[in-house]
Structures are given as C-alpha cells and as structure tokens.
Amino acid sequence: MPPYQLLLAEALVGAAAISSLALFFAHSQQRKIRLPTTQDTSLVDDVNQDDPFNVTKPEDFIDGEPIDEDAFWFKMRNRKLLLVLLSAAILVLEGVSLGWSAYPDARNVLAEHIFRTTFGLYVGLLVLRSVGQSTTDRHSESVIHITALTFFSSVLHFGVAILPSSDSISSHNLQAFPPLLAFWYSMTALYTLTFAIIATTPCGPPLHFFPSLIYSKKTIDDTTNKAYDNVCGLPGTSVIDYLFFRYVTRVVQLGTSVSVEIGDLPILPATMRATYQFFRMRTNLRANPLKPGWDLAWRLISVNKLAFTAEILLAVAAAPMWFGSPFFVRKLIAYLEDDPDRLDQGWGWVYALGQFASLIIVTQLNSQMWYFATSVIQMRLRTQLNTILFAKTLVRKDVVSSGTSTSNEKDDTKSTTTNGEDKEKGEEENEFSSKSQVMTLMTTDVDRVAEFSYHLFAIADSPVEIVVGTLLLYSMLGVSCFIGLAVICLFLPLNHLAGKIVISTQDNLMKARDERVSLMNEILGGIRMLKFMAWERSFEKRVMKVRERELKYQKLNYKIEVVFAALWEASPLIVTLVSFWHFAVWRQQALTPSIAFTSMMVFNEMRFAMNALPETFINLLQVHVSLMRIGKYLQLTEVAPVPPLSAAPAINTIAVQSATITWPHDRSADSSAASTPRHKFMLVDLALKFPEGQLSLVCGKLGSGKTLLLLALLGEADILTGQVICPHSPPDALASFADQKVTQEEWVVPGVCAYVPQAAWLRNASIQDNILFGLPLDEERYHKTLEICALISDLKILEDGDQSEIGERGVNLSGGQKARVSLARAVYSRASVLLLDDVLSAVDAHTAHHIYSKCIKGELMHGRTVILVSHHVQLCLSGAAYVVALDNGQVLFAGEREAFEASPVKGTLVQTMGGVGKKQGTASTSKNPSVPGNHSPVSTLVQDDVEPDPISETSSTVINEPQVNLERKAPRKVVEDEKRAVGRVSRDVWKLYVKSCGAYGYWVWFLSILVLGALCPVAENWWLKTWSGSSTEEADTKGPVYYIVIYGAVTLTGVLISTYRYFVLYNGSIHASTVLYQQLLETVLFAQIRFHDTVSRGRLLNRFGKDFEGVDSRLADHFGRSLIFAFSFVVTIVSVTFAGGIPFLIAIIILGFIYYDVSKDYGQAARDMRRLDSVARSPLYSIYGETIAGAPILRAFGASSKFMRDMLRYVDTNINPNYWQWAVNRWLSARFDLLSAVTVGVTGCIAVSTPTISAALAGFALSFAGGMTFTLLFLVRRFVGLEQSMVALERIKEYSELQREPPEYIEPRPPASWPDRGGVKCENLIIRYAPELPDVLHNLNFEVHPGEKVGILGRTGSGKSTLALSFFRFVEATEGCITIDGLDISKMGLSDLRSKLTIIPQDPTILSGTVRSTLDVFDEYGDAEIFEALRRVHLIPSNADDIVEIDGVAVNVNVFRNLESPVSEGGENFSTGEKQLLCMARAILKRSKVLVMDEATASVDYATDELIGKTIREEFANSTILTIAHRLRTVIDYDRVMLLDQGKIVEFDRKLTKTFSPAVLLCDPSSQFYGLCEATGENEFAMLKNLAGV
C-alpha cells in the first residue's frame, strides 16, 4: 500500500471543506444581491436616468443568444449521468475499503477511509446536484468545483503512488488485505477519468450575437466567415480549454485564409465591450465628481478591482514557484551524484516529475496572469478612458477655437508678478488648446496608462521573489549572500535618479512629438495653400527641424535606457562576484559545482525581480504624468447641462438682457471666475429680444462679434454679466428622434436648435447622410430641402447624386456646395430655432436670392425662429422682422425693420463707392426697359429648377464628371478604403529598413558585436566550470582570488559588449528614422493634389504619428532583440550538442519541427491581428477628429448621444482585433510552455533511466533544456513583434512611393524678373482630369492684356475652377498651352511657376503662430510694410477711435495692431472674412504680376468689399487680375468679363477691344451677362448699372 495515506485523506477532506465554504459564500452573496433588486436598479437609475449619455441598451449586457439550447443541455445531462455512474463506482469501492478497514487489526486505517469516503460522497453529491442544472451560471459553477476536486484527488493519488515507500504500516496492510491495493489503483484511475470528462465539459452553449448591434454596416458587409456561433468561446468554454486557450484556436485557424476581416473574428463577451465599460465608468464618475490628484487612478482601480486583484494574486502565487525548477534540478543532480548506478530510482523519478510539474504550474499561473494583464485590464482601461474622454469632449466648452492668448503679456507693463502667474495659468489652459493636443491625450496618453497593466504585476511579484531567492541563497552560501545583497542597496539611489531623468526626457520627447504632429496636422490641412505658394521645401525644413529635436530626445532616451539597463545588468553580476569573493576568499569555503551553478541560477532568477522593480517604478511615473493630464482634461469647464425635452416645457423666448459676452475661456484654474479677461474680444452690454417664429437679421462689419453672439445664444460663449435666454437642444435629441415616424405637422419640435457655422462642418459620409444627420428619411421633406437649398442641379452633376461620398473636411465639394449641404442639414432638422451664420456668402448672387426667397422665407421655415447673420443686408432686409447691427462689440442698432430702414446705420452697411449711396436707393430700372424675364437669354444659364452653384472654386480636383448613363451603381468612394497588405511582410520592406539603418560597414560591425555578445555567456559558464571543477591542489596553489578576478573580468566584459551592441543598434535606428521620415514627408508634400483630396487626413496623420512612433521607439528594439535571441539560440544548440552528443541533436530536430508548426500558425494570425488593429484605428481617430472639430455643432443639434453611440461602435471594432492579438500571444505561450515542460521532463526522465549519463552532463543538459525553450519562445514572440512593427514600416513605405508632381525646377529657368508684364494667352487649351475621363475645358482661346482686370463668371461645372487650377498646373493641359509673357508654363518647373503667380483662394488657409508669422512666413518684410498691407485691406482702420473701455481696461482692442497677436490652429480665432483679408494682405506683400482671385471676399461685408475693390485697383494697378466671382459687384467695373458654360467660352472677345466690358454688356439686353445681372433683383440690378456707370 503506498505511503502517506492518512495525509492524502486529510488533504482531500480539506479540499472538500474549502469547496463547500466557497459555494456557501457564493450563494449567500447572490441572495444578498437578489433581494433588494427594485431598490438597487432604482439607485442606478437615479444616477443614470437624467444622463443623456447613458446610451446603453438591454442587449449590451448579454454575451449573446444561446444556439440550440435544448440540444446542448440534453447532451450535458447525458454527460453528467455518466459522471454519476463513475461517482457511484468510486463510492462502492470506498465503501468496501471502509468495510475492510473495520477489522480490529487495522485501527490506523479506519480514520483514513472515513475521510476518503466523505470526500467521495461530497463529489458524488455535487455531480448529482449538477444533473438537473440547465442555466449557464449554475452549471459552470458545478463544473469548476468538480474539476478542481477531481484534479486535486488525481494528482495526490498519482504523487503518492510514485513516492518511494518507507512506511511499515502500509506494507503490513498490503499483506493483510491483498484486494486493497487493486481498489486503491482503481480509484486513482476512476478519479482521473472523472477529471478528464468533467474538465472537457463546456460551461455553456455556443452563442450568437447580432453583429449589427456593435459593428457598422460596412464591417458586416466585408465579413467572409458566416459561422452562426459568432461570440468568443470564453463564456462557455471548458476548464481545460480555458487554461490552454483552446477557444483561440479558431482565430489562429482564420489566419490561414487569404485575408481576415474584423467581422470574421468572434465577438467579445459583454463585459469586454465598449458600452458596458463606458456604462460602469460613467456611473462611477457621476456618483461623485472627480477630484484633482490621484483620484482618477483610484477610480480606475475600483471599477476594475476584481481583475486587478486576480492579476496580483496570480503574480504572488507564481513568484515562489519560479524557484521550483532550480530546486528540483539541484535535488536531481544531488541524487545522481549520490547514486551514479541508479540502484534505487524512486526519488529520481520524483525529482524529474517534480520539475515537470513545477514548470507546468508556474507557466499556467503566469499565462493566466498575463491574460488578465493584457487581454482584460489593458483593454478595459483603454476602453474606459477613451470613452469618458470622448464623452467629456462632447460637453467641454470649446476653448480651442477661441485661441487664448498668452503672448500679449509682452505689452502689459503694469506689473511683473501678475505677469508670471498669468503665464502659468495660460500655459495650463493652452495645454489642450489645440485639437492635436486633445488627440494626443486620446491616443498616446491613454495607451500609456493601459499598457501599465503589464508592468503592474512586478509590484507584487518582485518582493516575493526576492525573499524566496534570498532564503535559497542563504541555504547555499550562508552569510555571504547578505553581503552580496547589501551591494544592491547601493544601486537603489540610482533608481531615483533614473526616474527623474527618464521623466524629463520623456516629457521633452512628448512635447516635441506633439509639436511635430500638430505642425503636420496644419500642413496637411493647408496643403493646397502650400502648393499654390510653392512653399513645400520651406515647410519641409521646418518639420525636419522639429523632427531633429524629437529624435535628439529619442536618442537621449535610448542612451539613458541603455546605460541604466547596463547598470542593472551588472548589478546581479556584481552581487554574485561579491558573494563568491566573501564565500571563497574571506570565509575560505570550497566553491563546489552545485553551489556555484545553482546560486548563479538563483541570482539570474532574481535579476528579473530586481530589474523589474525600477522599470515598473519608471513606468509608474510616466503613467502618473498621463493620468494627471487626463484628469486635468476631465475637470475642464463644461457647457451648462440641458434638461431633456420631457423634463421642462420648452422655452421659445430668445433674449439677451444687459449681457457682456466674451469668447469661452477655461477658468477651471482661475480663482475669480468672473474676472474680465484682458485682450479678449467682448460684446459689451447687449440688450436684445428676438421675435418668435420670425426672421431676425444680424449684420455688422467684419469682426464686429456676430458669430460670438450666435455662440452665446447656443450657450457656447462666456457670459460675464447679465443673462442670455435661448432654448438649447438636449444632448440626446437626435438619438430620441431617430426611430420616430411623425407627420409634417409634428415635425418641428419646440425647444430644439440647429446651427449652421460659417465654415461648414461635414462628416466623411454621403451627402444624404450629412443632411439627414441621423434622422429618418422623409422623402417629401428631403426632396423639398434639396430643392430650396439649390442642391438639385449639383446632385445631377455629381456621378452618384446624393449618395456621393463627401471627402474628409468636404474636399470634393466647392465652398458653395459645402455651405448649402450644411444649410440643408439645419433645414431638414426638427429644430424650431435656426441660427445661420453667414450662409449666403459662399454662393453667387442668383443662388443667394433663391436660398433667401425659397428657403429662409420659404414654407419649410414657416413658424420657425431664424436668426441669420449676413452681409447681404439689401437682400435680406425685406423679410426680417428684427434687425441687429453690431460694430466692434457694441450694438449700433437693435429694433424693427422699419426703424432700421430709417436709421443712418443702414447707410454704413450697404454703402457704395463715391457718395453714390444716397441716389442708389431711388435709381430704378426704368431707364433701360428690359426684356421680360421669361424671354431672357440668361435662361440657358439660370433656370428655375436648375440652380447655378457658387460660381467658384479652386477648392478641389476630385471633380465628379457628369454621367450620361443613368444606371445606378455602387457610389464611388472619394476617400479610398485603407489598404492593408496580406500575407508575410514583403522582402522590399526588410530591405528598405536594412538600407535605412546604414551601409555595409555598419552591418558588418553590428553583426560582429552581436556574435561576440552571444559568446559571452558561454565564456562565463566555461570559466565557472573550470573553477568549480578544479582539483583541490590546483585551487590551493592559484588561490581563490585568481579565479574571482578572471570571472569578474569575463562577466564585466560581457556586460560592456551587450551594452555596446545596443548603442550601435540605436544609432542605426535613429539614422533610419531620419531617412524614412524625410522620404515620407517629401513624397507626401510633393504628391499630386488629387492624392490629398482622396486620402483622409486621419490616415496620413496615422502614418506620421502612430506608425512613426512605432518605428522610432519599438522597431529597433524588436529588431535587435530578435537577432540577439537568434544568435543566443544557435550558440545554445551548438553548446548542448557539443556536450550531449547525437541524442540531444535528434531530440532538438524533432522538437524543432513541432515548434516551427506552432509558431508558423501563430505568426500568420498575429500579423493579421496587428494589421486589422492598425486599420481599425483610423476610423476611431477620424471620429475623434470630427468631434473635436465639430463639438459646438453636435451640441447645437443635440447629436451628442448619437455620436457617443457611434464612437462606442468604432471602439468595439477596434478592440476586437486588439483583444485577439493578445489572446493569440497567450495561445502560443501556453503551447510553448507545455512543450518546454515536456522537454525538461523528458530530459530528466532520460537522465534518471540512463546510468551512462553523469551528474555534471545531466545538470548541463537540464539547465540548457530549460533555457533553450525560453529563448525560443522569446525569439518567436520578438520576431512576430518585429513583423508587426514592420507592418508600420510597410504602411509608411506605401506612402513613400506615391506619384509625384512634375519637377520643381527645369533648366533653363525663367528669368528672375518674369513675369514682368503679365500678359496671359491661352491657345487651344483642352483639359481633362484623367485620360479616360471626358474633356472639362474644350479648346479655349483667349488673350488677356498686361494689367487687364478680367472677371470670370459661369455656373457650377462650367470649368472656372479648372481654368484657375490650370494656371498653377494643378491639372495639366491635355492639348494646347498657356503662355505668360511669352513663356509656356508647361516648360518650367512648378516652384518657379507657382512662386511667381498669386492666388487668393475661396477657402482662406492661414497657419497658427502670430499675425506676423502668418503674413510673413519666411521673415522677408519689415513691420512697416506688414502694417501698410493690413491697412490696405482695412483690417487696421485709419482712425483709432474703436477702443472700448470697461473699468479703465481696454477691451476689443484691434488685434491686428499687434503683430505678435496669436493665431490659433487654422486661424480659428478669426472670422472667415478676417482670414480672407489676411490672405489678401499676404498677396499685397507678395505683389505678383498675375493675380488669380477665387471669390476672395465672399465672407466680407459689402462696405469692406468695396473698399477692398478700391485697394485692389490701386495696389495691383499694373498687375493682370483674373477674378472668379459670385458677387457681380466685384467685377462690375472690370475691363472685361468672360462667361463660361460647360467648358466653353460663351461671351468674351478675342480681339482686345472693350466690346465685352461690363458696361457695354449691360446696355445689350440680348447678352447673357445682362441676364445674370437682371436675375439679382430690381434693387441690385439698379445698383449694378449705377456702379458700371450705365
């Protein structure tokens, strides 16, 4: 009878007791939770009922619907009945044994059998209880308990069976009762069989979840894997499958198909999905507000406490087990030394199997711990932080756009102390003042916090390891180990130093990276302007300068890392040296092989713990910085919450009561909230009351505060005194309307707003989606909306009609089309209050007239309150019930229309040149009897149903050609879907990286260092062997000092070499980063403009940001370590074969095949997951970008909740591949760990059973067998990590090989003075956008005299923009040529051409910085010249009486008087009109001979426009001007006008006479120009005649 029976029985009863207690507690907890359900839910409801961001639905809390549930439970019942039979058999055997043991001889055995029978009975009862269970929770609980108990029993039985017997009682029992032994082994077999059946029993049925609930339609359409059980197997997996990650196998197998899509991957269980995580985090944050400091960290820990606890407990359990393997190796070697002939193999088997078991246990614990760290905690943290940051962005006051100023402090000489404080405050505010900084928060900072989860376990694991390791060392080295460990304490201060240095360099690196990304963001946003101005090279230099600084910090970071790594690498070696020295020299002890090698093993094991702590400490500091930033952002000022529509009766009153209003200003850091911010623009003391259900007009000069007034009504501005009353849309308004079907009468909802900003904000979606904006489609209303917003004709021209996709930021629409789609969204909406900011300026006169009469005064606006900001005072006055006129922040007039008509204010806003203003109102059309409208020849150009579009645009090259065939096909994508490579990373990518790192010399040097580094450990071990194996005489003669000195020299040389190889590696890496970035930047800057129109900015930024961050900081590491592990592996194999001969080589080859097979599947799956992860990130970044840019618009429409839900959908799409990427990693680890344990176990068993293997050889083989598998695992993982990092390089390479524009310079270059006259000639010009597309311009022939002013008119699609673009060669001539001053422009370099011409585009682009840097980008002009230019465009008035004072402090000071005034990102702190004038000022400074103006003053009031017109005539008197115009006033006094229609010239004179001057054409009623002018309305027509002098 095997020994230790009583112990075994006691252990079994203990296990049963623990199990029953666990069950009892679980059930009492459930009861506790279940009783007060109503109360509980009401508590949660209280927190969430008034939360419009509570976007969860019931289905968000379920894993999925069970598939064929009845069949599953039937199968389970049969399985459990089989288990009942097995349990019964065990009980019968136990009963019989109990009977035997009742003999008087067997007193000692009775207690043991009673215990065992009790255990058998308990297991039987659990099995019996489980038969009737058919709910997943109860069933899985039973399965887990029975599995644990039967496993424990099987292992104990097996362990006891192999222990050598020294127990006399058991041998006595065996003779007394022969059947007992047979019973005993039968029970062992039965328990093992029960365990095998229950451990493979699934815990729940397969599940199905409707993909449409979490994925977008596109993701679902791309799915190729149509399996119905589409939920991750985790909730229903069996215990064994859970432990070995078998549920991941189906994902690994997907990797073998051609390409994997996100929809093919199993859907994650409910607790891993975004909605659930957001719900928990939001509930926590709403229960009590966030406090500064560590509060956010505590919140994250409390929300995820179970997962964190699991990770820590697993780490603590695994820590001492790491020493299990060395412990058994030492015992095994000692056994082999004592019993070389293997006379008694008992204990040998115990040690060999013990080592195998300890490896299995520690790797299992480790696997589960890593699973929690990477797949659970990391995913949850990332999701929770991203979603709450997004929710915050939806309610945060938009301080970004107001561009707070700190640089103005220079002028303020009042006091130096407040100045310093102000600066600090300003810096804090400015931390998130640019959109890219908010993006960095949502990407880099969140990632850093989430990734801390896999450093966290070191906090628990390292101390335990250090304690256990120290005890082991003490048992071998005695006091000497403490001397060694004391040395470690000397290294601890370095930690603190390291932390400080790392944090500061990391901070600098992040700042430089932020700066580069925001500069890139601006450059890509203003790429058209850069190309028009030929500024690519200068900006390339500017970016590379920042990049150089960033890489300098990256290099510093690398150096610090390497130096500290070297110190930490050296510390265990120094400790070992000191310990050995004390042991051998000081205490004169003999250093035997077992002590030397085992203590080396333990010191090495402890090296991890000692290194991990400082690294974790540094990481913790970095995470602290990120959490502080996130916390600070979460505490920024929010807009006032809006109650739901049902909560309060809707107010429709819109009034402003003695209010002083300023741009939003984040005052969360401010002590006095109501302090007047200096140098801020303010609306002072307004008192207005807008009439309900009618049109109100807000007018005023440029920069007078009209937009600020609208923002104040929307609740977006800061109200310093007084109050503003206006209804606001609740955040969930759109979401609540999404499913409602209502009649036209009920369509308009009181209290809901809509807002049309001056710069249209459009989503990257179809035109229809942009207009509907989440509302259901009402065909009739929709078509009426298109009609009144004059979009019908545009949709006819666009190939896909209203399904045409709008590119990012609306690149493929003209300015007018963007404005009208934006207006259509508001008209279609269910809002009762519409705030329209300057919607008429981007369209031509006729369209403006149409929109005003049919839309703003049309039936869809009936009964809605409309507040319109416009410069078209003449046009809009007739229908306005209330008029507000502003000037520099003060009200000039507010009252009824009649009063306004009579007041002198009107004259200042609609005046014309030269005092004609007085007569102009009375002038009438009677002088020139006109042809009746219906016979007008203009009908070819302007028909009622076909609206001409903004006669405009250089805005895009993505022109959609008119299509003849009317068959509908899938809409064309403007923004192409992101490509992702499939299969292995191609050879070219590897070649590119190798080449970028350095030339041949570099690689020869690097590889030789690597080989040296790999040989160092061999030298160390060889010397240890020599030392410990030396004979006593030899040791005595040489003395221990000799050995210690050489050992020290060898080890420290090793440390130096391994440190140096990293220096070499990182130098190459920095070189590669520089070269690759320059390549990508240059290619993207010089790419054809069509590329920029078809590729979303988010995608390009992803390349420049995330992908490059990977190349800078991770690629080199993976690359170097892959090589290091590869060399190390080769050296190991050579050493083992050298020592162990052929048998080991054969074993290695067989195992090699198995390893290769596993890692091949893994590599493919891991690569696919990584690629999917990269692709799924872009839409997420895009929605971040769209939301950060459009937050005020989303709030105005009440679209916040809808966007929140959309974002959660994108997050789910993104975390899915990310989760599987980690799971596939764990899958590989589980298999490699098992193989590793088997390898070591088999090696041990061979050693025990083969007497010819000596102890030393066995020890050598065992240590290498363990080491080799770890090396292999890390090699595979690093190599796959390398391949994944190479994916980033692959994406960079894709954009580094774009087709470029023609060369910058072509010899011979044009003379420096060219063009000196400005004569333009077009001969037979034919242009088409691509060889397969039809012509856009047909055979144009015209000539423009030097110094002539020509207006170009025509309806949308007539080719005006194409003509303008062709002067700058954005589109190349197919036939014919354009010559300027006799030189053919197609024969010169682009930089020469573009730098000599000037265009003032319709979409003004200015870069951030100061007013000076915007106007004079390259410091070419003096202050006097810049001020003069600003005066010429009337941004600085000639008189200085525009200063308003409050409490002696000047407010609304003209910012243009100070050239250091800040310009925020994209110039958002200026109105569109001001930006257009800044572009004009830039043109005045440049003084080209040829000037192209594309609707350059559309957003400027008429009075200023007239002044500008005068300026242009004076400043550019000697230049040739070509103007594309909507306002006929702009070109009415030009020398000639050209009318284009469908790419042909309709009216223009080829002979250079004045026959086609506007004045002549206005006298000819048959001319088309006459028809155009007449269509503007009676008053305007009279005015035009007046201006033309007719």
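Using the three backbone atoms N, Cα and C, a Cβ is placed for every residue, glycine included.
From a predicted model like this one, the values you see are computed outputs, not experimental measurements.
What TrEMBL records for 408-426 is compositional bias 'Basic and acidic residues'.
What TrEMBL lists as compositional bias 'Polar residues' is 921-942.
Taken from TrEMBL, the feature domain 'ABC transmembrane type-1' covers 312-622 (among others).
What TrEMBL lists as domain 'ABC transporter' is 666-913 (among others).
Look at TrEMBL and you will find 1004-1284 (among others) tagged as domain 'ABC transmembrane type-1'.
Marked as domain 'ABC transporter' by TrEMBL: 1320-1567 (among others). In the predicted model, residues of the domain 'ABC transporter' (1320-1567) average a pLDDT of 80.
The region 'Disordered' feature in TrEMBL is assigned to 402-435 (among others).
The region 'Disordered' annotation in TrEMBL covers 915-955 (among others).
For the transmembrane segment (6-26), the residues of the chain that approach it from at least six positions outside its boundaries are 108, 111-113, 115-116, 118-119, 122-123, 126, 141, 145, 148-149, 152-153, 156-157, 160, judged by C-beta separation under 8 angstroms. What TrEMBL records for 6-26 (among others) is transmembrane segment.
Per TrEMBL, transmembrane segment is recorded for 143-163 (among others).
Tertiary neighbourhood of the transmembrane segment (183-210): same-chain residues 1-2, 59, 62-69, 72-73, 76, 79, 82-83, 86-87, 89-90, 93-94, 96-97, 123, 136, 139-140, 143-144, 146-147, 150-151, 153-154, 157-158, 161, 228-231, 233, 235-241, 267, selected by CB-CB distance under 8 Å and a gap of 6+ residues from either end. TrEMBL lists 183-210 (among others) with the feature transmembrane segment.
Taken from TrEMBL, the feature transmembrane segment covers 306-329 (among others). Counting residues 6+ beyond its ends, the transmembrane segment (306-329) has Cβ neighbours under 8 Å at 351-352, 354-355, 358-359, 361-362, 365-366, 368-369, 372-373, 376-377, 380, 453, 456-462, 464-465, 468-469, 472, 598, 601-602, 605, 609, 1240, 1259, 1262-1263, 1266 in the same chain.
Annotation source TrEMBL lists transmembrane segment at 349-372 (among others). Non-local neighbours of the transmembrane segment (349-372) in the same chain are 162-164, 243, 245, 307, 310-311, 314-315, 317-318, 321-322, 324-325, 327-329, 331-332, 335, 454, 457, 1222-1223, 1226, 1229-1230, 1233-1234, 1236-1238, 1240-1241, 1244-1245, 1247-1248, 1262, 1266; each lies 6+ residues outside the stretch with a CB under 8 Å from one of its CB atoms.
The transmembrane segment annotation in TrEMBL covers 471-497 (among others). Long-range contacts of the transmembrane segment (471-497) within the same chain: residues 323, 326-327, 564, 567-568, 571, 574-576, 578-580, 582-583, 586-587, 589, 595, 598-599, 602-603, 610, 613-614, 617, each at least 6 residues beyond the stretch ends and with a Cβ under 8 Å from a Cβ of the stretch.
Per TrEMBL, the feature transmembrane segment maps to 556-580 (among others).
Under the heading transmembrane segment, TrEMBL lists 1000-1020 (among others).
If you look at the transmembrane segment (1000-1020) against the transmembrane segment (556-580), you find fewer than three C-beta pairs under 8 angstroms, all six or more positions apart, and that falls short of contact.
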